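Trainee: Here it is: the structure, laid out below.
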Amino acid sequence: MSLSDATARPAAPSRLAGLPVALAALFCLACLVCVIGADWIAPYGEADLVAMPWQAPDLAHPLGTDQLGRDMLSRIIFGARTSIGLSLAIVTLAFAVGGALGLAAVTLGGWADAVISRIVDLFMALPPLVLALLALSVSGTSLVTLTLTAAFIASLRVFRLTRSLGIDIAARDFVDVARLRRDSTARIMWREILPNAAIPLISEFGLRFVFAFLFVASLSFLGLGVQPPMADWGGMVRENVGALNYGRLTPLVPAGFIALLAISVNLIGDWLVARRGGGR
Amino acid sequence: MLVILAKRLAMGIVLVLMASALLFFAGELLPGDFATKLLGSSATPETVEALRRSRGVDAPALARYLQWLGGLFRGDLGTSLTNGREIAPLIATRLKNTLILAGAAALIAVPLAVGLGTLAAIFRNRLFDRAILVLSMVTVATPEFFFAYMAIAVFAVNLHWVPSISIITAGMSFERMLPLLALPVLTLVITSCAHMIRMTRASIVSVMDSDYVGTALLKGLPEWKVVVRHVLPNVMSPIAAVVVLNLADLVVGLIIVEAIFAYPGMGQLMVDSVSKQDITVVQACGLIFAATYILLNMIADLLAIALNPRLRYAR
């Protein structure tokens, strides 16, 4: 699960390449529908005990039941809301903070840039999981800490990218013109630099989303993220691990959904990058 | 070269020191009621105060940081907040277990990944290359626990080849450890290969496409000679750097894999201590993980410089 930003992108798309991307988009769309409408779609409640534990899949429970006898399909739908909603919140926060700081560093330059950059360097030299574990051991397991820590970690990379994109843009003539016009720093940031960095930032949003999503899933899986009885995909893997000993594959259901969503978002991201590259 | 080496080394030391300060002062944010929590609600203020003093929690923060730092150099990692035991001996055995696991995984993953990446580059855009590409896309985006439980379901529950948890005890013989290591190592290998494969393939492809390789082939040099004389020296530097960078990721990936298999290593200890809010153990483990991570990143940097003369004059 090393999510370093691989520079190796897939080769030119072949004729069949469209199909997986379409399926990935469909899956992402279905997940988004679950995020918004979990209450209406889910056949049973998030914490309703409806059958015996670890029941095999049947018509009433297409994905079987979990360790307490709750409907797996409903838990997956509610889990989508928690896992994906949380990750989206984390990435949005990270882009707001990291992006704004990156733009500010470029526009202000000088010591402001140097100070922010050195602090970011320090935190980027540390393994993200260790940072998160430290924060969680200080505050105890809480959704707020989890969100803020994950957003902080993601914002470091967003800052780096925004800054490096911004430096190129800030050196161009139209920014000089704006400076000569005595435009405010904020106006230069938003109206001159940001629009020109938008496209790479959007593709970075997908990457950061996958990272945050897997990060939250891993921490919940360790029992340090989302706490029961709230359903979330990483936590559901942990809760149902015992099923393996009875020959049931229940924990692989949420784990599979996690993998499927991460792969889908990556596929769509790669496709967008390839398309943009081909269009030029 | 020596100047660069000294500079990077100094930077690494500064980073480790700053990491230690971060770890220590984060612990200071912990609400002061630790002793109260440990003793329960029936404790009198006097016993709480006595416990605080016995753990040295009442000296000023900076003094305790320096004391902690000084202790680290003597191999004294302090005592656990929850059970009062010395941390150093506790970590020593677990560090050994972790190194065994990481070493075994790296020993298999690195040659495998470099080999597969090279083959993918040789058979570029053919079926084998495509298959490797799809596989690496899947493994890069799949959490460790998916593969781990998949492996447990197949090899432990259905086939009964190996146990599903890997509790290693002191003095266990190598033959008895082997089946216990199999699944954690397998999981780590699967999840750590993808990035190395992609980067190996990418660096070989970019060199193969270069003009000097084309020229060498056109002047009639046999292909193996082109590979040995022209391709290999130029791909060594990026591949070596990527390999070491991935070892840094592998060390962190260990934390989760150890927790899955209840493997008695540093990662499991750290996760356990986080849920118990045993901050001193978290600090000690965190510092070891952070220092290893920083060290490996530094080695990757230096390797890239040592193997690529062009970088020596870059800055």
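Every residue, even glycine, has its Cβ placed from backbone N, Cα and C.
In TrEMBL, annotation is done automatically, which means it is predicted and not curated.
Quick caveat, the model's predicted, so the values are computed rather than measured.
Okay, so TrEMBL annotates it like this:
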type	residues	note
DOMAIN	A:80-269	domain 'ABC transmembrane type-1'
TRANSMEM	A:20-42	transmembrane segment
TRANSMEM	A:84-109	transmembrane segment
TRANSMEM	A:129-154	transmembrane segment
TRANSMEM	A:205-226	transmembrane segment
TRANSMEM	A:252-274	transmembrane segment
Trainee: Pairs 6 or more apart in sequence, C-beta under 8 angstroms, 3 or more of them: is that satisfied by the transmembrane segment (A:252-274) and the transmembrane segment (A:20-42)?
Mentor: yes
Trainee: Report, as numbers and ranges, which residues of the same chain sit near the transmembrane segment (A:205-226): CB under 8 Å and 6 or more residues beyond its ends.
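Mentor: Residues 1, 3, 5, 82-84, 86-88, 90-91, 94-95, 128-129, 132-133, 136, 141, 143, 146, 150-151, 153-154, 157-158, 232-235, 237-238, 258, 261-262, 265-266, 268-269, 272.
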Trainee: Do any residues, 6 or more residues outside the transmembrane segment (A:20-42), come within under 8 Å Cβ-to-Cβ of it, and if so which ones?
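Mentor: Contacts with the transmembrane segment (A:20-42): 71, 73-74, 76-78, 80-81, 84-85, 88, 260-261, 263-265, 267-268, 271.
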